Structures are given as structure tokens and as C-alpha cells.
Amino acid sequence: MLKFAVLCFLVIMASTFAQKCGDQVCGAGTCCAEYPEIHCKRVGQLYDICVDSEATKDSGNHLFFCPCDEGMYCDMNSWSCQKKTSGRSE
């Protein structure tokens, strides 16, 4: 019985943290990107092409690319993910 309760808890937690994206559900480390179709895409890593994390469509999805992973920011001059430095305020 305890195993069943733990399994139910894990399923509920997974569905809470997942993002619905068209017919898919995006998990951790991904975002829902649109163009040419809606699909789950990995969040930006160092030097990946990115979009500002605030740039979302009305649907909450990102257009073209995902924002950068934690600890990084999207440099809008180069449109690439860069590491945050201690002197940078976001």
C-alpha cells in the first residue's frame, strides 16, 4: 500500500512540473517552442542561440528558441547564452 501511495505521489508531482506542449508534455530542462510547429526543446546551454526568458507568446510558449538554463542569461547582442557573472544584475 505504501508503494502505491508513493507511486501516486510521484505521478502527481511529475505532472505538476511538466509543461503541456501541443500533444506532448515537456519535462525538466526543456521548454515549449513554436515554429514551425509546437514542440519540446532543450533549454539553452552555453553559447546556444536563445531568446529572452520574458519573450513568450500569449500561449506561454516561446517563439523559435528556449531561454537559457539556470545560471545563464541571453546576451541580446549575440543572441547566445552566456554565464552570469557576479557583477551582472538581472
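Even glycines carry a Cβ here, placed using N, Cα and C.
From Gln19, Gln24, the position flagged in Swiss-Prot as pyrrolidone carboxylic acid is Gln19. Partner cysteine of Cys66, as given in Swiss-Prot, is Cys31 (from among Cys31, Cys32, Cys40, disulfide bond).
Ranking the disulfide-bonded residues Cys26, Cys40, Cys50, Cys74 by C-beta neighbours within 10 Å puts Cys50 at the top. Classification of Ser86 (serine amide) by DSSP places it in coil, neither helical nor stranded.
When the CA atoms are compared, the recorded positions lying within 10 A of Cys32 (disulfide bond) are Cys26, Cys40, Cys66, out of the candidates Cys26, Cys40, Cys66, Cys81, Ser86.
When Cα-Cα distances from Cys66 (disulfide bond) are compared across the recorded positions Cys50, Cys74, Cys81, Ser86, the shortest belongs to Cys50.
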